[in-house]
Amino acid sequence: MEKKKSMFVEQSFPEHEIGDTNKNFDEDGRDKRTGTWMTGSAHIITAVIGSGVLSLAWAIAQLGWVAGPAVLMAFSFITYFTSTMLADCYRSPDPVTGKRNYTYMEVVRSYLGGRKVQLCGLAQYGNLIGITIGYTITASISMVAVKRSNCFHKNGHNVKCATSNTPFMIIFAIIQIILSQIPNFHNLSWLSILAAVMSFCYASIGVGLSIAKAAGGGEHVRTTLTGVTVGIDVSGAEKIWRTFQAIGDIAFAYAYSTVLIEIQDTLKAGPPSENKAMKRASLVGVSTTTFFYMLCGCVGYAAFGNDAPGNFLTGFGFYEPFWLIDFANVCIAVHLIGAYQVFCQPIFQFVESQSAKRWPDNKFITGEYKIHVPCCGDFSINFLRLVWRTSYVVVTAVVAMIFPFFNDFLGLIGAASFWPLTVYFPIEMHIAQKKIPKFSFTWTWLKILSWTCFIVSLVAAAGSVQGLIQSLKDFKPFQAP
């Protein structure tokens, strides 16, 4: 039998020496990178404007008109400031001509080394796993919201319309199993652009509905400078815990430092240099998301007041027009399908690259096979990729089914990852790269910023843990709420 008639054809790819540059390969021997600051911005917007935007009205309600926007702006500034430091560390020791570092861990190894590399890996991959679980929860909530919205429209708003999240988590997992066979970040640009468009759609719909609700008057909506009122809305202890949790939710809403290096590794070599292109992408991405966050958070709070739901599109702050709310929730689900891939690709590539280094001659791990699909063309299949990525998606879906707590889960992820990944490591690497003298003015204020963010992360984590404990008391897994 001729080899070309076989469904599977093993591929053999030539090795390319570092420095072998031509139109198909970069100086490190890898396929030529084609990303620009615009595709980088799309990746960032996909990563940042995620499920976090939906809880911002609730977060502003806990903090009030003064502290709410102030905390949003503070996290925005800190995230952009430290992302510029991280962008300069993609190459080492020189940010323009140095050796490429392909992952966050490699960057930390180049500049800091030692035990900090393991701590970075624990924080980064733990955070990425948590985010993919959180996105599974959120996507299923949005899918359920479509079904419940139609039920309310048909039967009235007083009907319970209880629907289990579990079947929709299974649907989401099946889609992710298929998309997870996309080999790497370099093939994700189209999905990120689609997801970014979806995020603009549902954020705009949420803002529009909030403006219409606030302008329409109706029932009295109570907002205050300090948020929910002790003795009326909550007890003193609840106010403290909710404030901490709201800070964690806002921190989560700016989570993209975990994938910044992987995004930067998709950008083509200059001019402009990768670090300049990444800084521009970060500026556009963070500015755009902050604008939408301010709109969604503040307009949502104006519409719902201190009774703002934890997720203002699925918590049924709105019932009509039901078709528009359905469309917004479909946009959320589509966006999170793409966002899930942005955050899980670094996990996939870490396991696969480590396996290939340890067992380079194992065909199960390193073999690539071409499969011809009628009407669709040829696809490359790797058995490790197929088994490992499928298993990962299934496990995250099962965990999401057991712990479907939206706000508390987001707050805990944000609190646990914000300080080490967004603040501590970028600042420490910047100090090492620029050789900033200890106890100098710059060194001192960078350390003050780092420790301040550490304290904020601690209190936010405490609030989220308390919220999870409260949610677990009456929860029964795999059942409709």
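Each Cβ is built from the backbone N, Cα and C atoms, and glycine gets one as well.
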> Would you say Swiss-Prot puts Gly29 and Thr229 in the same topological domain with respect to the membrane?
Replying inline: no
Same-chain residues at least 6 beyond the ends of the transmembrane segment (126-146) with a Cβ under 8 Å from one of its Cβ atoms are 50-51, 54, 163-166, 168-169, 171-173, 252, 255, 258-259, 311, 313-314, 316, 325-326, 329-330, 332-333, 336-337, 339-340, 343-344, 346-347, 396-397, 399-400, 403-406, 409-410, 412-413, 416-417, 421
Worksheet entry | Contact check, the transmembrane segment (168-188) vs the transmembrane segment (322-342), 3+ Cβ pairs under 8 Å, seq sep 6+ | yes
DSSP tally for the topological domain 'Cytoplasmic' (343-385), helix/strand/coil in that order, comes to 23 helix, 11 strand, 9 coil
Same-chain residues at least 6 beyond the ends of the transmembrane segment (191-211) with CB under 8 Å of its CB atoms are 39, 42-43, 45-46, 49-50, 53-54, 57, 179, 182, 292, 295-296, 299-300, 302-304, 312-313, 318, 324-325, 327-329, 331-332, 334-339, 341-342
- Does the transmembrane segment (284-304) reach the transmembrane segment (448-468) with at least 3 CB pairs under 8 A, where each pair is 6 or more residues apart? no
